[in-house]
C-alpha cells in the first residue's frame, strides 16, 4: 500500500510511478497499454476507455478491478487531505448566550447536536473484497499431475505394444536419413543427451521450488507435458518405423505374454524411460522423440519463469538443450524427422498455451477466438479461469528459516518479482 504522503502526489506521478503502482497491486498486464500514462491520466480513466483498444484486449472484466483500485486511490487521497475535519464545511461552533442574571448559559447548538456538529449520512463507495489474482488451487494441480502421470504410463504401455510390431533389422533395414549420411555414429553421444536432460530437469525442479506461484506454473507444466506424451502415443501407434541403425539390440518379443509385458512396463517406468538407467531396451518409439520433448520443454519453462537479467543462465540452459538434441542425432538413435516433429509440436503447444493463459480475452470462447476450437480448450479454461493476467516471475525462500547474507550477516526473507 502506498503511503499517505505519496497519495498527495498522485496527479504528479510519472509513467514509471504508474507502472510501479500497477505492479504493486498485481496488475502487470496493464503496464504495456498504460505505459505512457501519468498519474493524472490514470485517475481520469473511465469505464468507456475499456471498451476501446488497447484496454479492451487486456481485461475480461471490462477493467472493473483496475477502476475499483483507482477509486480506492482517490478516496485515500481525499481522506488524507481532509483528515483533520476542518475542510469539509460541516464544522460549526455553538454560541454562548448570557442569562438575565448576568451568567452565561450552556451553548446553543445551531443544529441541535452536541458540540455544534450536525449529523449527515455520507455514502462512500468501497470496492468489494476480491479473491487473489493468482490463487494456488492445489487441487487442480493434483488433477493436472494425475493427467500427466496417466499419459506417461500410457506411453510406456504403447512402447511395449509397438515394440512387438517393429520389423527385424535384417528384414527391414534403417530408412535413409540425410543427417546419418553426413555424420558417423558416436556411441557415447546418447549418454550425453540423457545427462543434459537430467541436468535441465534438475535445474527446473530447483527453480520451481523457489517460485512463489509454483502451483499455477507446475499445473501448466503437467498439462503441456501430458498432452505432448499423449500425442506421442498416437504417432507411435499409427506409424511404426524400422530401427534407425544396425547397432540396435532390441529385447526379444513376448508374443502375447502379458505378465512379462507388465514387468517390462514397470521396469521402464521405474527407470524414467532412460537408456542410461538400463530400463529402455525396446524399439519402435521413434516418431516422435520423447528426449527432444523434455530437452526443449524444460528449457522453455526455465527461460519463461526466470528473471530476464539472468541471461547467462538462459544461455547455459539453451546450450545444454541444443547439445542434447544434437547428440540424439549423432548417436543415430532417432531419425531426423523424429527430432524435427518433436521440437515443432513442443514449442507450438508451449507458445499457444501461454498466449492463451496471458490474454484474458482468449479465455472466453467466441466466434472470433479460433484458439477455442482446440480439443483441450475446456480443460484449459478449467485450469486457468481464476488466474488473472500474466503470472509474475516472483520468487521466495521456501524454507522456514531466513536466508543469511554472508557479507553482512543480515538475516532476511527474500522476495523477487522480475516481470
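For all residues, glycine too, the Cβ spot is worked out from N, Cα and C.
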- [ ] State the residue range annotated as transmembrane segment by Swiss-Prot; the candidates are 95-115, 116-136, 221-241, 242-262.
- [x] 221-241
TODO: State the residue range annotated as transmembrane segment by Swiss-Prot; the candidates are 310-330, 331-351, 352-372, 373-393.
DONE: 310-330
Task: Segment assigned the feature transmembrane segment in Swiss-Prot (from 58-78, 142-162, 163-183) - done: 142-162
Task: Closest-packing stretch to the transmembrane segment (221-241), where packing means Cβ pairs under 8 Å, from 142-162, 190-210, 282-302, 310-330 - done: 142-162
TODO: Mind giving me a neighbour count for residue 291 (active site)? Other Cβ atoms within 10 Å of its Cβ, every protein chain shown.
DONE: 25
Open item on the list: Within the domain 'SAM' (13-76), count helix residues (DSSP H, G, I), strand residues (E, B) and coil residues, in that order.
Closed with: 39 helix, 0 strand, 25 coil
- [ ] Quickly jot the same-chain residues contacting the transmembrane segment (310-330) by Cβ under 8 Å, restricted to those at least six beyond its ends, or write none.
- [x] 179, 183, 185-186, 189-190, 192-194, 196-197, 199-200, 203, 289, 291-292, 295-296, 298-299, 302-303, 336, 339, 343
Task: Integer Å distance between the CA atoms belonging to residue 291 (active site) and residue 338 (active site) - done: 10
